[in-house]
Amino acid sequence: MRNDAVLPGVSASGMGLRLSQKFVFLLFLSGLVTLCFGALFFLPDTMRLKRIFLSKNENPAVTVGSDNVLSKKVPGDPEHQRAGLKGGEGATVKLKVSRKPSVTHGARTVERSVGSRAQDEWSPAKAHEPAARDERVTSAAQNGQRGSAYSYETFKKCLLKPPLGKNKGTPSDSETLQRREKVKEMMKFAWDNYKRYAWGKNELRPLTKNGHIGNMFGGLRGASIVDSLDTLYIMGLMEEYEEAKEWIQDNLDLNSNGEASLFEVNIRYVGGLLSAYYLTGAEIFKQKVLELGEKLLPAFNTPTGIPRGVINLGSGTSWSWGWASAGSSILAEFGTLHLEFVHLSELSRNPLFTEKVMNIRKLLNKIEKPHGLYPNFLSPVSGNWVQHHVSIGGLGDSFYEYLIKSYLMSDKTDEEAQKMYYSAMEAIEANLVQKSPGGLTYVAEWRGGILDHKMGHLACFSGGMIGIGADDGPAGQKQHYLDLAAEITHTCHESYSRSATKLGPEAFRVDAGAEATATRLSDRYYILRPEVIESYMYRWRLTHDPKYREWGWEAEEALEKHCRVEAGFSGIRDVYASTVSHDNMQQSFFLSETLK
């Protein structure tokens, strides 16, 4: 930065000032210039990211930092990947990830389902390199200010196509249309019962017909309402959408003082509100999400900048989960903030949100990774790995998802995310990807060099993830990645087809002669999770092979038969039992992801 700057074209001697006055005046000017250049230094290099929704020859009047954080779309237009629309029938929808369920099975609390949905638009090197700064910054940014207010109308004009697709994505064949209408009916049934018995609570208990609040959201209410906004909108359930919007306007109180999961609040509330704003432009969603985003920032106040997993939304005090090894932070939790936080910076014109998540990348790139793998536990104090447990299922999953989606959402300019993702994929293939004796491809877990031949339901999102990343890997690897994605999706389908209910278990193993089946009682439950169906959707969008739609319909029929109860939908305790036992919980992600 320039401490000795003088105004161009102005002579100090011509100012008619005494030496001491000149010195004071120049000191003031140098401070002013330093302040301006310093502000420019930290502003996001937003115009460098020609967002995936922008046509190549359009430059909006405002600085646009990145694509819709929550546009979970893939090249070819898969709906459930929030990363860029290029197809016709899907809608811009919320980027969702696998989450911790609100249910306990027996004495064992369900394993955290953290992680499944990243977006980093510019690399730190580019963002902090004056020579690389794009000339098309706004005049406000040139003056060292945060920049002009975000313009939704300008954003809307830059969309390549309507968010809901041509003719709202209505399929041409009657069978597909009838099936789509059936899923819409399921959504309305789930919503109506939530409204009737649990309105304003976080989730519905359909057997006892009451609401559930839980302890993941720090006193926040209405998780199912916020989480479902985009699904209601893209399904055309406008009366229900307006009810949800009105509740958020009048009743979503962010002044809570409880202990919240940073990860869960981010993906359900921040993600839900951002998605709704980008779909509709309703200012109330923007207002609420920026207010909530500010409350999450204190979690990053650690020696390394790696956020802790739990935060008191009132006091800002944060700490690590009691079950996390040695007070560590979880890869899929601190790695599943990037997309939302980049957009918080975009909407607020405050670069602090982006700086926080960029710092996470900086640390991850600096530390050594065993065999190129990212372990699930990292100390927010020392910045070192706490133990070498690696999984693309619970505790790890959405970290990898956010990397590839960061790259795609940045219009493939985020080269750092690209490098991190494909390097991780290479290490995962070399160390975790296995083939069973029966020919099933699966992704095992890694515990200090020893393989655990277990694959969780959460890991089944990887069939979709690997597919959407196939285009941009190492030269000549596209077909390899497409084949790998197909094989993993096939294995996950087998985990469904080999159960009595045709729904998959929480985890299955490949050992002792059992393949794609749960061998432990504690792994047999199904809590309305979306990951397997999500991969079917990606595979359909990428290949248009009709078998993936048929697999999706098989799952819909199983949900109707085994999970639908009088007052909503419920998870089941054992997918292998011919007579099901329900867990009495309609998870918010069933509405926001599975049905979508």
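Placement of Cβ uses the backbone N, Cα and C atoms for every residue, glycine included.
What TrEMBL annotates here:
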TRANSMEM  23-43  transmembrane segment
REGION    100-146  region 'Disordered'
COMPBIAS  126-137  compositional bias 'Basic and acidic residues'
ACT_SITE  E264  active site, proton donor
ACT_SITE  D397  active site
DISULFID  C460-C492  disulfide bond
ACT_SITE  E506  active site, proton donor
ACT_SITE  E531  active site
- Task: Sort out the sequence-distant neighbours of C460 (disulfide bond) for me: same chain, 6+ apart, CB within less than 8 Å of its CB, listed by position.
- Result: I488, T489, C492, S495, G504, E531, V532, S535
- Note on the structure: So C492 (disulfide bond), by the Cβ count within 10 Å over all chains shown, scores 27
- Task: Note down the number of other Cβ atoms within 10 Å of the Cβ of E506 (active site, proton donor), including every protein chain shown.
- Result: 25
- For the active-site residues E264, D397, E531, which Cβ has the most other Cβ atoms within 10 Å, all shown protein chains included? D397
